[in-house]
Amino acid sequence: MMIKPLDQAVGSIDAMKAVFARDMKVAFRQRQDLLNPLLFFMMVVTLFPLGVSPEISFLQEAGAGILWVAALLSVLLSLDHLFRHDFDDGTLEQLVLQPQPLFLLVLAKTMAHWVLTGLPLVLLTPVLGVMVHLDGNSIAILCLTLLIGTPVLSLIGAIGAALTLGLRSAGVLLSLLIIPLYIPVLIFGTGTVAAAAEGAPVGAYLALLGAFLVLALTLAPFASAAALKVSLSNS
Amino acid sequence: MWQFFHKLGSPKWFYGIAARLMPWLLVLGLLCLGAGLVWGLAFAPKDYLQGNSYRIIFIHVPSAFLAQSVYIMMASAAVVTLVWRMKLADVFVKAAAPVGLVLTFISLFTGAVWGKPTWGTWWIWDARLTSMLILLFLYGGVIALDRAINDEKSAARAVAILVLVGVVNIPIIKYSVDWWNTLHQPATFKLTEKPSMPAEMWVPLLLSVIGLYLLFGWLACLRMQTEILIREQRTRWVQDLFHVNGGAR
């Protein structure tokens, strides 16, 4: 779908809204792409009780970690789509040519990506949480950490997606580049749930996750935009 | 100052400087590292608790030390690449990344060998170890991205962005893993808090660290020279250097 030309008179916020709305519209015309990360999420979670142990005690202890890792992997899987189609049909070049700052438009695209993948994962988490025998309190905390954590995953992942755009075997490379950067988010995400399970206060953990989010929100779009320009000049 | 800066951008100028610098770096580096290692491995006093097994510190600490500072050097070079588009900075990043990877691996490996007699295990998910493992992954990612992009200029800038994103992550990794670890088990082993070593132990250690720095400088120069020759192979000065077509003209 062609993007409407945005002239100079259009404010940056309006441009962001337009990009966001367009990404949503495009995504809902290809609904299978929306479902795939969710199916992947559920399948990965299913592997652990079958592959490791269906014991309730094990699942209770490892459940939060399993769900976090599965969410992380499905975000990673969906990142390839973030810029790929727009890159293939030339929309991305038009975005770069807009008078509005590219990092804002990238931020809008990343936010759309989170609403389409991260948010559904959070919404699905309570169901899977019950399946791995987490108690209600843990599930609530887990959902909260995922709610703060998955936007960070999308924002950092956008950098990797932009860097590997148009390369051969981009998918594997993307994972190699991004997984080390995901580790701190994972540590704090699961750490929060573990602390809650031990009855420890979780405020500090959530505050740190929030700090990651603020840091990623402010810095990652610049890196993604710079990487996009490099990738486009490369092609 | 600016003239120096300008010259630093010239691969030909750097090639000459590196050629003059390298023998010094090599000889001094070998001397320092050799002295440090021989002193440390053969003559330094035994540790009263760990006996002789502590001696691996003379290899472990220098390589771990350098593994981290190489990444910081690469990050500084990445800033130069992005801001001033200086070719040499990018050549440095490309030359240093595999060396940093190997140093990180050496420090992890020697750490494991040291851990077996001291802690009774090869590996433990301790703060230090995990952050070094992530550093290894970061180096791997930098090298993989550099290899994947064919165009030289794009590769340089893409790698620079990745290195900088990684460096933002380094303190986060360090502290996050610290806190994460204290939650699960208290940090029983801390490599950072050095016991008050006697001089017979820390002087050879310092010598090995300095020696390894100098040797890294030598290796970086050598690798940068090679990379410069590959990139500039069509230029006049490189062809003159190797007397390609020299006789005919």
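We number each residue from 1, going along the chain as drawn.
Just so you know, glycine gets a Cβ as well, placed from its N, Cα and C.
Whatever TrEMBL says is automated annotation, not expert-curated.
TrEMBL has this to say about the protein:
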type     : residues  : note
TRANSMEM : A:34-52   : transmembrane segment
TRANSMEM : A:64-83   : transmembrane segment
TRANSMEM : A:103-127 : transmembrane segment
TRANSMEM : A:139-165 : transmembrane segment
TRANSMEM : A:172-197 : transmembrane segment
TRANSMEM : A:203-228 : transmembrane segment
Tertiary contacts of the transmembrane segment (A:64-83) (same chain, 6+ residues out, Cβ under 8 Å): 33, 36-38, 40-41, 44-45, 48, 92, 109-110, 113, 116-118, 121, 125, 128-129, 132, 134, 138, 142, 145-146, 149-150, 153-154, 157-158, 160-162, 165, 170-171, 174-175, 178-179, 182, 185-186, 189-190, 193-194, 197, 228
The transmembrane segment (A:103-127) in contact with the transmembrane segment (A:172-197), cutoff 8 A, at least 3 CB pairs, sep 6+: no
Intrachain residues whose Cβ lies under 8 Å of the transmembrane segment (A:34-52), provided they are six or more past its termini: 27-28, 58-59, 62, 66-67, 69-71, 73-75, 77-78, 116-117, 120-121, 124, 128, 131-132
